[in-house]
Amino acid sequence: MTIETLSTQSKAQVLAEALRWLKQLHGRVVVIKYGGNAMTDDTLRQAFAADMAFLRNCGIHPVVVHGGGPQITAMLGKLGIEGDFKGGFRVTTPEVLDVARMVLFGQVGRELVNLINAHGPYAVGVTGEDAQLFTAVRRSVNVDGVATDIGLVGDVDHVNAAALMDLIAAHRIPVISTLAPDAEGVVHNINADTAAAAVAEALGAEKLLMLTDVEGLYTSWPDRDSLVREIDTAALEQLLPRLEAGMIPKVEGCLRAVTGGVPSAHVIDGRVEHCVLVELFTNAGTGTKVVSA
């Protein structure tokens, strides 16, 4: 079934159901981490861009934080550079960082900005290096109980919220590539999941949405019957050690955002067309909702 096959009455019911959520979110910031298949499938990319324009025209303030893992990996392969992951994070040498900067801002960010701007002059591409938007602090990861160095990888230590709010006040949609200098000016690669959480916390966002390539959070992956629709931060912290490595940054991001005051974080299936609108404006939603304990 598509929207074209719905009866006029059914379409009206869909719009009426959205009213409650439109009222709740009007004038509020929603931070969306854009990644996974939604970045590589043309239909999903265009649907995501349309969703951002829809939010903007409903008086909601979307802020997009994007990754670029598949594109970085592809470019590293073309250049003959070996890549590695530890604890769900990309090991970033100076050589890998150069590629990440080129791909994140020069390719992925530009493509998304152009797709959104096909609907109007809304999107502005920035990195954490612009206007001192982010300040990074270097991080390690825990691998089998051992703190492990992963190179030029950081967490967001500070967000220049005023700079982002200036863009929002100008009715723009910030599209953020996750690169940021530390206090000494050394640029780091920032995981987009953890960066999105820092942005949501700093802006006092109403919601944080994480796009993934699965239906949501599973308590016992790959058992699909273990999908949870809602979980609180206490239960999620207990679940964290058992999660698949690639899900760890997303869960860490959800925990940071919700414990930092964001009312809810949502891990949603980015393979679903218009997944952002489904999650925000329908009673059923899609994926897993994380709330405070």
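Placed from the backbone N, Cα and C atoms, the Cβ positions cover glycine too.
Residues Gly68, Gly69, Arg90 are recorded by Swiss-Prot as substrate binders, and the candidate that the same record lists for that site, out of Asn189, Asn283, is Asn189. All protein chains shown were included, and the count of other CB atoms within 10 Å of the CB of Arg90 (substrate binding site) stands at 22. Listed in sequence order, Arg90, Thr92, Val96, Leu97, Ala100, Leu152, Val153, Gly154, Thr178, Leu179 are the same-chain residues six or more apart from Asn189 (substrate binding site) with CB atoms under 8 A from its CB.
Compute the center of the Cβ atoms of Gly68, Gly69, Arg90, Asn189, which mark the site for substrate; besides them, the chain residues with Cβ within 8 Å of that center are Gly67, Ile72, Thr73, Thr92, Ala100, Leu104, Asn191, Ala192.
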